[in-house]
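Listed features, source Swiss-Prot:
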| type | residues | note |
| --- | --- | --- |
| DOMAIN | 1-67 | domain 'LCN-type CS-alpha/beta' |
| DISULFID | Cys15-Cys66 | disulfide bond |
| DISULFID | Cys19-Cys40 | disulfide bond |
| DISULFID | Cys26-Cys47 | disulfide bond |
| DISULFID | Cys30-Cys49 | disulfide bond |
Amino acid sequence: KDGYPMVRAGREKGCKIWCVINNESCDSECKIRKGKKGYCYFWKLACYCEGLPANEQVWTYEKNTCKP
């Protein structure tokens, strides 16, 4: 599946992973989660992954628990 991966622990748990460096950092984050590739999306504000496993949680507006 495709989507925005989320921070798994800490103060920003449930938030999108911010794209603070470049496409390579997002690609690495996605591959750690067994995705095919990742890149900066939405005006370079968040990482977006393609090809994630079905059980990987991704950020959705409806289930947003981010409270940075």
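Using the three backbone atoms N, Cα and C, a Cβ is placed for every residue, glycine included.
Here the features listed in Swiss-Prot are painted onto the structure.
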{"residue": "Cys15", "record": "disulfide bond", "DSSP class": "coil"}
{"residue": "Cys26", "record": "disulfide bond", "DSSP class": "helix"}
{"residue": "Cys40", "record": "disulfide bond", "DSSP class": "strand"}
{"residue": "Cys47", "record": "disulfide bond", "DSSP class": "strand"}
{"residue": "Cys66", "record": "disulfide bond", "DSSP class": "coil"}
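Between Cys30 (disulfide bond) and Cys15 (disulfide bond), the C-alpha separation comes to 15 Å. In this structure, the C-alpha atom of Cys15 (disulfide bond) lies 11 angstrom from that of Cys47 (disulfide bond).
In terms of Cα spacing, the disulfide-bonded residues Cys19, Cys26, Cys40, Cys66 that come within 10 Å of Cys49 (disulfide bond) are Cys26, Cys40. In this structure, the disulfide-bonded residues Cys15, Cys47 were compared by how many other Cβ atoms lie within 10 Å of their Cβ, and the smallest count belongs to Cys15.
Of the recorded residues, Cys19 (disulfide bond) and Cys66 (disulfide bond) place their C-alpha atoms 16 Å from one another.
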